[in-house]
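Undergrad: Quick one: the structure is below, questions incoming.
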Amino acid sequence: MEEREDAPKDFIKLKSEKLSVGEVSELVVSPYCGAVSLFIGTTRNNFEGKKVIHLEYEAYTSMAETEMKKICRDVRQKWPSVKHIAVHHRLGVVPITEASVIIAVSSPHRAESLEAVMYCINTLKASVPIWKKEIYEDEYSWKENKECFWANSEK
């Protein structure tokens, strides 16, 4: 009966408010798991010698959520022991040092959760329709994700 109360769950969220590492990691904690692995992608203050002021993210929300759910399904097929998965991505303005994406995965042992987190971030960058604009001191640039399949279809 207790196992049912801790059935595997996926927590997907796109939000414009500041992301909380504590909140996201708490979502995946389970008494059945000895590992919680995290990836936190933050805004850095420079890119190729240019000073970054902040980032701005936009998404095709419904498709992004669908793709994020698909990533969770794929993780569960590849690593059946994974318990809970949380993928939270920020939209709008993300200041320097703040998180733009937090991924948390719990599993009984570390190998599965570490591998699953790596798969999640790599697949998210390659398949989820979220776009990043870097704002510099005197210009801005929409960033093409080299891993993104639709951006590279003509190459």
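Glycine residues also receive a Cβ, built from the backbone N, Cα and C atoms like all the rest.
Pulled these features from Swiss-Prot for this protein:
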- His109, Arg110, Lys125, Lys132, Lys133, Glu134: substrate binding site (BINDING)
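Describe the structural surroundings of these features, if you would.
TA: Secondary structure at His109 (substrate binding site), as computed by DSSP, is coil.
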Undergrad: Mind giving me a neighbour count for Arg110 (substrate binding site)? Other Cβ atoms within 10 Å of its Cβ, every protein chain shown.
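TA: Looking across every protein chain shown, the total is 13.
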Undergrad: What is the number of other Cβ atoms found within 10 Å of the Cβ of Lys133 (substrate binding site)?
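TA: 14, counting other Cβ atoms within 10 Å of Lys133 (substrate binding site).
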Undergrad: Counting other Cβ atoms within 10 Å of each residue's Cβ, which of the binding-site residues His109, Lys132 comes out lowest?
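TA: Minimum Cβ neighbour count within 10 Å, taken over the binding-site residues His109, Lys132, occurs at His109.
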Undergrad: Taking DSSP as the reference, which of helix, strand or coil describes Glu134 (substrate binding site)?
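TA: Once the DSSP labels are grouped into three classes, Glu134 (substrate binding site) ends up as strand.
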Undergrad: Under a three-state reading of DSSP, tell me whether Lys125 (substrate binding site) is helix, strand or coil.
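TA: Its secondary structure by DSSP: helix.
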